[in-house]
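Engineer: Reproduced below are the annotations present in Swiss-Prot:
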type    : residues               : note
REGION  : 1-87                   : region 'Domain I, interacts with DnaA modulators'
REGION  : 87-130                 : region 'Domain II'
REGION  : 131-347                : region 'Domain III, AAA+ region'
BINDING : G175, G177, K178, T179 : ATP binding site
REGION  : 348-467                : region 'Domain IV, binds dsDNA'
Amino acid sequence: MSSSLWLQCLQRLQEELPAAEFSMWVRPLQAELNDNTLTLFAPNRFVLDWVRDKYLNNINRLLMEFSGNDVPNLRFEVGSRPVVAPKPAPVRTAADVAAESSAPAQLAQRKPIHKTWDDDSAAADITHRSNVNPKHKFNNFVEGKSNQLGLAAARQVSDNPGAAYNPLFLYGGTGLGKTHLLHAVGNAIVDNNPNAKVVYMHSERFVQDMVKALQNNAIEEFKRYYRSVDALLIDDIQFFANKERSQEEFFHTFNALLEGNQQIILTSDRYPKEISGVEDRLKSRFGWGLTVAIEPPELETRVAILMKKAEDHQIHLPDEVAFFIAKRLRSNVRELEGALNRVIANANFTGRPITIDFVREALRDLLALQEKLVTIDNIQKTVAEYYKIKVADLLSKRRSRSVARPRQLAMALAKELTNHSLPEIGDAFGGRDHTTVLHACRKIEQLREESHDIKEDYSNLIRTLSS
């Protein structure tokens, strides 16, 4: 009964939850029904706490729906479902004994999955270098709605490298925290296991190492090195585009690492299938584990980032100043940090207190550029071009989905990227009421949670408008 009951719950949860959430949190759960108690086993404490906090009501509701009057008690445990005792071993024949006698010789011929790297080899200029930045850890990564899923996945991978989500593929625009998460995973893996061999690198470094190995006739050493790591963290995988020899070598490295249960984490500025110049067989493999989008931070996260960075610099940043900066600089974390560094430097040089007027003066060129780039008119033109419709359609009364959805997206973008009020936005979209704009913003926020396509479109448009 446990398998059928939990299977029914799983099927419904898969329909109700976004695909990425279901794959990350619910699918790994194992179930056992015993004495009218359904025990759900989570792979680790982090998953257990998350499921109990976020999905307990959903699970209880479905248990009541599918169990009728005999609703089982629900409990959670960390671990795996107990394994059923094996059947008694069959009687062995003489042929079985003869076959077993040859097994040790066969095993002796097998090579270990984790190969060793000969550090004394002079054939190739490759030595173990982790390149993991010790400054980038989970405890100084600012969590928000835009990166929550990516952070949770990274934490799970660091707790169970090679087992949870392999490969993990993080994608999103420049300066959103993907590289920070790569380093944080690397640091956490080494903290948990000081002997772990973790390597972080930009994809171009992989290409450089391969070229150098070919020049030095040391390609076998190159292969042994990259296939012996416990975790390979590669940034900006899109730079493999049109490098056929590098793609060929990485394809075989990828397969070897996965076969050996060694962790792979990749980042890119776009969704795997949208990376041009990369072979389909590689793009397909990029999606074998878990693919998570890292989106531009929302206002609250931008404020939290500024406050955290100011605290790191031992600088008091008034709340109203943090909100002033965060409302005007929206594209990425790197831009926020750069702006704050400029404000702090100006304050140190002049000895003046950090106020809104002071920030407006210190960042006047940057703020002027942002206000010039992102206007409602610019948003309308960009959205219309993206969806291959006319700006006049966005301003019209047409309600067909092919027009209504882009219009709602454009309104949501105007609220996110400009300082205009809801009535002003409504007026710019054909004289619509502010409640229409509010409904559009809420609808798009909901769809970004439920629809990968809408989430992707929204991220692409923000990236275009902020570039």
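If you go along the chain as it appears here, the first residue is 1 and each next one adds 1.
The backbone N, Cα and C atoms fix where each Cβ goes, and this holds for glycine too.
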Engineer: Enumerate the residues of the same chain, G175, G177, K178, T179 excluded, that satisfy the criterion Cβ within 8 A of the mean position of the Cβ atoms of the recorded ATP site; list them in sequence order.
Structural biologist: G172, T174, L176, H180, L181, T267, I294, N332, V333, R334
Engineer: Tell me which residues of the chain lie with their Cβ under 8 angstroms from that of G177 (ATP binding site), as long as they are six or more apart in sequence?
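Structural biologist: Residues satisfying the criterion: F141, N147, G150, I294, V333.
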Engineer: Using DSSP, what's the helix, strand and coil tally for the region 'Domain IV, binds dsDNA' (348-467)?
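Structural biologist: Result for the region 'Domain IV, binds dsDNA' (348-467), in helix, strand, coil order: 93 helix, 0 strand, 27 coil.
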Engineer: For the region 'Domain I, interacts with DnaA modulators' (1-87), what's the mean pLDDT in this predicted model?
Structural biologist: 81
Engineer: Name, in the order they occur in the sequence, the residues of the same chain whose CB lies under 8 A from the CB of K178 (ATP binding site) and which sit 6 or more residues away.
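Structural biologist: Result: G150, L170, Y171, G172, D235, T267, I294.
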Engineer: Which site among G175, T179 has the most other CB atoms no more than 10 Å from its CB, taking these as binding-site residues?
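Structural biologist: Top count of Cβ atoms within 10 Å goes to T179.
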Engineer: According to DSSP, does K178 (ATP binding site) sit in a helix, a strand, or coil?
Structural biologist: helix
Engineer: For the region 'Domain I, interacts with DnaA modulators' (1-87), jot down how many residues DSSP puts in helix, in strand and in coil.
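Structural biologist: Here the numbers are 45 helix, 17 strand, 25 coil.
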